[in-house]
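Residues annotated as domain 'Tr-type G' in TrEMBL: 8-277. Marked as GTP binding site by TrEMBL: 17-24, 85-89, 139-142.
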Amino acid sequence: MSFKTQIQKRRTFGIISHPDAGKTTLTEKLLLFGGAIQEAGAVKSNKIKKSATSDFMEIERQRGISVATSVLAFLYKDKKINILDTPGHKDFAEDTFRTLTAVDSVIVVIDVAKGVEEQTKKLVEVCRMRNIPIIVFINKLDREGKDAFDLLDELELKLGLSITPLSFPIGMGYDFKGIYNIYEKNINLFSGDNKKNIEDTIAFNDITNPELETIIGSAAAKTLRDNLELVEGVYPDFDKEKYLEGKQQPVFFGSALNNFGVRELLDCFIEIAPPPRAKMAEERLVEALEPDMTGFVFKIHANMDPKHRDRLAFIKIVSGTFERNRPYLHVRNGKKLKFSSPNAFFAEKKEIVDISYPGDIVGLHDTGNFKIGDTLTEGENLHYKGIPSFSPEHFRYINNADPMKAKQLNKGIDQLMDEGVAQLFTLEINNRKVIGTVGALQFEVIQYRLEHEYGAKCTYENFPVHKACWIDPENSKSEEFKEFSRVKQKFLAKDKKGQLVFLADSQFSLQMTQQKYPSVKLHFTSEFD
Ligand code: G4P
């Protein structure tokens, strides 16, 4: 198979949702279609339950599961599909943001009863910023939920999407009769039998055909005709180009648990979703078809065995082929590295592979060489963009609780930060270390892992910060900048890359600072042009 065909057959995407909307269930059904798993229940939920805050065994167990479900690949029709797992728990949102840099498209799952929820909003915003093509799946139609048109309105108003439904429900909850597939022009009747893998569909090109009454009853037939007329009047026709540009989002309805509407979603997905796309590096745009291998690290996972500190770095291949035992340039270190056992992922297993193509994810064993965002090439000096840090939500001083183990503590902090567990800020005024996290859970994870993997002990102290803002070095020579640095000295820190950061202690002080020093540009993510 030619290199080009290999690229064309790959679809690498992520499923995003608020916890409990049905991401795990949908993933599992998709894998069933691909024949990658044999039975329901085989994909373990990667949910961090609330109880995990005090249950470290649970955290460890979850870490194991999240390695297993990091990438789930399967073949469907002639396509190789890579699903990248994105944790729904808000404390791990940063992980999900980073994973979104490695997908070529996403499917958003919405709960029919809950509509658009908080986590969905944040994640879709990130996708929209990057023009990632989005398909929406409204799930749990077997339950009572919101009116379909109200939900479609919500998608537009709360998520800012320009949607067009490609399927439409016939009834809902107790009265759920099935789905009219606008894209394929057929009706799919609901039997509530979740063991069936492929549902029977009834072709229905002409919705005015009186047979509709016989099939779904006259009341439902009338409602469906009215609804479809409204859909046609209100929503634009589906336009694949617009979808690919991130300017239009098709919507499907279904019930993942009942495996209903999932085949339609998957069939449409493989037809319209993009193969691996070109990616912007600081230096230039890199096309998937270029012969030289390039890729970047978007996730690092610590080994489950705390005695061996090796880690698994997940690389998304952007161009060329990644080959076993071939030397690649680690651009940040300037070193050539060879990998004798790169892992590929298939269903819920990982195995050693000789060759991987653009769109694929390769897991590389790492003893501390990689950081999130690192680029690998065949020799070109290239840096992939697009893995920004966002301001953490919680900040605490980290103190060494065992003076004999200072070295271990520093090494541990260093490596955990490389993994992206949290962000480290070093205060300019006294070099004290401050850890910033998205959720409170991470502080306990860090403390636990420092002790068990590095033999170091730490304590925390509160450090009230409202927001971390990255400071543009642009005007750093100006008098205003100098005054700002002097007055705000106590609140200035360096992040891990050495970028200057302003740790504003309240919304008020942030506003005052912006007013008083307008030429000092503050950014809310670590990457800015
Ligand atoms: P998540 O990964 O997005 O967090 O959601 P997950 O798939 O775990 O689904 C959350 C809950 O919603 C699960 O129930 C799941 O069975 C249920 N669910 C998913 N799809 C549908 C659907 O189409 N219809 C209905 N009625 N329920 C659905 P649970 O009770 O929390 O978990 P479990 O004990 O069933 O595993």
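Glycine residues also receive a Cβ, built from the backbone N, Cα and C atoms like all the rest.
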Distance-selected binding-site residues near ligand 1 (C-beta under 6 Å), from Ser17, Asp20, Lys23, Thr86, Leu141: Ser17, Asp20, Lys23
Local Cβ density at Ser17 (GTP binding site) - other Cβ atoms counted within 10 Å: 23
Mapped DSSP class for Ser17 (GTP binding site), helix or strand or coil: strand
Cβ contacts of Thr86 (GTP binding site) (under 8 Å, same chain, 6 or more positions away): Gly14, Ile15, Ile16, Lys23, Asp95, Thr96, Thr99, Leu100, Leu123
Neighbour tally for Lys23 (GTP binding site), based on other Cβ positions within 10 Å of its Cβ: 28
